[in-house]
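Visitor: Pulled these from TrEMBL:
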type	residues	note
TRANSMEM	69-89	transmembrane segment
TRANSMEM	95-116	transmembrane segment
TRANSMEM	177-197	transmembrane segment
TRANSMEM	209-230	transmembrane segment
REGION	234-257	region 'Disordered'
COMPBIAS	242-257	compositional bias 'Basic residues'
């Protein structure tokens, strides 16, 4: 039983940190605490990423509409996620540092498929799924050299910002966030913020740290839009109800006269 417990703990920390905590009973080792926190956050983010975009997918399926969702933005987001996933996988980074991107890629591809499908292009949706599967295999199946992936990773920051901010522009132009899921947007923001810390601790890769920093900024813009349009919607609905109340009050006044 002790061996199983040790093997489990070694998934979260190094042998040195295990000895510090459970042999020497030294619980004040700052470096080990940071490493353990980073690993725990990484595992938590991966667990959360399994469902992070499910509310968005469910909302589209429930309403049978993808109105307000910018396909260009979704495709750019998918490109950035896929390149990041392939770069991390081929570089040999620990799964806890990038595993969430595998689930995000699958769910983002599903959203792109649904946008095409409910946009009246089911054949294009099927073709998109086939092409994306083939591209993913080429990137992660050892057919693409690491230096090419590194170059592509360098383009991730402007692509990611362009994709997210084009969605923000669509929201601004429509005066609402349409079928965007608030749960998904808040979870994406929390995950990208936590990934800055885990990238510093587990990989030290400057490109990954910059990418997650920019992702956090772009996700924050969309979350702020969600809050703004939600509050604006509440004000407009209360404004519409007040004239009705006023007319009822006038009608009562006339009857009393």
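Using the three backbone atoms N, Cα and C, a Cβ is placed for every residue, glycine included.
Unlike curated records, TrEMBL annotations are generated automatically.
Note that this is a predicted model, so its numbers are computed, not measured.
Neighbours and distances for these, please.
Guide: Beyond its flanks by at least six residues, the transmembrane segment (69-89) meets 60, 97-98, 101-102, 104-105, 108-109, 111-112, 115-116, 119, 132, 135-136, 139-140, 144, 146, 149-150, 152-153, 155-156, 159-160, 162-164, 166-167, 170, 178-180, 203, 208, 211 of its own chain at Cβ-Cβ distances under 8 Å.
Within the chain carrying the transmembrane segment (209-230), a Cβ under 8 angstroms from the stretch's Cβ atoms is held by residues 80, 84, 153, 156-157, 160-161, 163-165, 167-168, 171-172, 175-177, 180, 182, 185-186, 188-189, 192-193, 195-196, 199-200, all 6 or more beyond its ends.
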Visitor: Quickly jot the same-chain residues contacting the transmembrane segment (177-197) by Cβ under 8 Å, restricted to those at least six beyond its ends, or write none.
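Guide: Same-chain contacts beyond the ends: 37-38, 41, 44-45, 48-49, 52-56, 58-60, 63, 65-69, 100, 167, 170-171, 209, 212-213, 215-216, 219-220, 222-223, 225-226, 229-230.
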